[in-house]
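Features reported for this protein in Swiss-Prot:
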type    : residues              : note
LIPID   : Gly2                  : N-myristoyl glycine
BINDING : 27-34, 75-79, 134-137 : GTP binding site
Amino acid sequence: MGNGLSDQTSILSSLPSFQSFHIVILGLDCAGKTTVLYRLQFNEFVNTVPTKGFNTEKIKVTLGNSKTVTFHFWDVGGQEKLRPLWKSYTRCTDGIVFVVDSVDVERMEEAKTELHKITRISENQGVPVLIVANKQDLRNSLSLSEIEKLLAMGELSSSTPWHLQPTCAIIGDGLKEGLEKLHDMIIKRRKMLRQQKKKR
């Protein structure tokens, strides 16, 4: 699921085998942001407590094409009082990972509001967004099409590339696939920005 980014290109093959990307992990409190971060770092479940400020980790990931990239993740607390700080972390970011709890139907409207708010900030125009639909292993989780509708993904700016990825952060299902999609979107954006600079 996404807006026109499903085509497979050979962009990755022309890149150096080592790259670093600044990624911000956002989402409501209790969505599973920190669980996502430490599952990626340690490849195991780490019991976490609510994030009061932020966690930051540099994590090397080998993508499907055997290229190793470093993601510098900033996992920012999702409590309401911390959300005004989100824009400070997204300044100059390469990509945003927005984690939603696939079971928490009652807070999906709140998640939608925050997602649209952060993507509409001028500095974030065009920044790729990976929406992580977490807790997909639970029986009462919403389907991807339901989440896409509730988050009003079709109403995001046409300049904002996005991908909705089903995951289970506790066991790691879907996380690497999501990162590969995010990486693809970032590379496409960088290439587009370079082409725009050449035309000036």
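Placement of Cβ uses the backbone N, Cα and C atoms for every residue, glycine included.
Of all the Cβ atoms in the protein chains shown, 21 others lie within 10 Å of the Cβ of Val76 (GTP binding site). Classification of Gln136 (GTP binding site) by DSSP places it in coil, neither helical nor stranded. Of the binding-site residues Gln79, Gln136, Gln136 has the largest number of other Cβ atoms within 10 Å of its own Cβ. Shown are the binding-site residues Gly27, Cys30, Lys33; of these, the residue with the fewest other Cβ atoms within 10 Å is Cys30.
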